[in-house]
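> Pasting a structure below so you can have a look.
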Amino acid sequence: MSDSQREQRKNEHVEIAMSQKDALVSDFDKVRFVHHSIPSIDVSQVDMTSHTTKFDLAYPIYINAMTGGSDWTKQINEKLAIVARETGIAMAVGSTHAALRNPNMIETFSIVRKTNPKGTIFSNVGADVPVDKALQAVELLDAQALQIHVNSPQELVMPEGNREFASWMSNIESIVKRVDVPVIIKEVGFGMSKETLQALYDIGVNYVDVSGRGGTNFVDIENERRSNKDMNYLSQWGQSTVESLLESTEFQDRLNIFASGGLRTPLDAVKCLALGAKAIGMSRPFLNQVEQSGITNTVDYVESFIQHMKKIMTMLDAPNIERLRQADIVMSPELISWINQRGLHLNRK
């Protein structure tokens, strides 16, 4: 594939992603908090700091991996970097493969660090990238962490996608051993199982983003790019974010669990934290906001989102993220069935 074709693909991904709509039915609606009438804390007492093994986040919310690799996506990355800088949230860039292949594309990613020199930034590569390229991806952004995206369904639906996955796990292990910053294994909207989490833990992974079904749908995106659009039947493939968090329960004391995929509201975000996530990522909401409403309105959106999360945590009598795990929750019969059929053991504190 030529560089111009790759650039076109990057733009197509963004265009199709922006046109996607939120799911009408979400597993977040199948999780409910029990309301207790009299909190013992004030909103001002809520501390939203997220403590992970290797770094802390001022807020448990970050702009998740989206884009880079074309002139248009450079502009998007710059806008999002301003939003991250002004609000104090972390930001991940999209796959840096374009920049690792073509030096002319480096600035479409490095603009993020240039715009936000003191911010927390995650770089991003695929699971098949050589170790030396993974090191370059970190250096490119002076990144605090490296996301490795695992996206086999997307690759298999993508007309020009990868068809070879046998080396992914061993390659991830090599990168984890060589890269000095934390490595976050990131799904792209298909969720993770307890078996995947066990396998990743066994090779030394400390961070995962379970990124479940319900948000940006890369099967649909790649199917739109197919000449006969013949793989739409896979559009609901994978686990939802809620199901993935339930799958992660027994690993939450051993792994730093991040969650993304289909979050619509501050309430959805708080539910993720209550189910064991240490931070939550969002992509399309930020993309749509910054492209349709501009930087200032997106900053306002983020600040409002954070304040709403604080208010919900106050209602739940949770002065910090750790205490959220003690919040009383009721789940739907469908989720209880998932728990039982999968043999999951919920050790909510």
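Here the Cβ of each residue, glycine as well, is placed from N, Cα and C on the backbone.
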> Pick from Ser37, Ser95, Ser152, Ser332: which one does Swiss-Prot list with Ala65, Met66, Thr67, Asn124, Lys186, Ser211, Thr216, Gly262, Leu263, Arg264, Ser283, Arg284 for the same FMN site?
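Answer, per Swiss-Prot (FMN site with Ala65, Met66, Thr67, Asn124, Lys186, Ser211, Thr216, Gly262, Leu263, Arg264, Ser283, Arg284), from Ser37, Ser95, Ser152, Ser332: Ser95.
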> Where does Glu155 (Mg(2+) binding site) sit by DSSP, helix, strand or coil?
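Glu155 (Mg(2+) binding site) sits in a helix per DSSP.
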> Taking Cα atoms as reference points, rank the binding-site residues Ser95, His97, Glu155 by distance from Arg284 (FMN binding site) and give the first.
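That would be Ser95, nearest by Cα distance.
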> Among Ser95, Thr96, His97, these being the binding-site residues, pick the one whose CA is nearest to that of Ser211 (FMN binding site).
Ser95
> Look at each of the binding-site residues, His97, Arg264, Arg284, and point out the one with the fewest other Cβ atoms around it within 10 Å.
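Per-residue Cβ counts within 10 Å for the binding-site residues His97, Arg264, Arg284 bottom out at Arg264.
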> May I ask for the distance between Gln154 (substrate binding site) and Arg264 (FMN binding site), taken between their Cα atoms and rounded to an integer number of Å?
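About 23 Å separate the Cα atoms of these two residues.
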> Rounded to an integer, what is the Cα-Cα distance in Å between Ser95 (substrate binding site) and Asn124 (FMN binding site)?
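Taking the Cα atoms only, Ser95 (substrate binding site) lies 5 Å from Asn124 (FMN binding site).
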> So if I measure Cβ to Cβ from Glu155 (Mg(2+) binding site) and keep only same-chain residues at least 6 apart in sequence, which ones fall under 8 Å?
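Set apart from Glu155 (Mg(2+) binding site) by at least 6 residues yet with Cβ under 8 Å, we have Gly161, Asn162, Arg163, Phe165.
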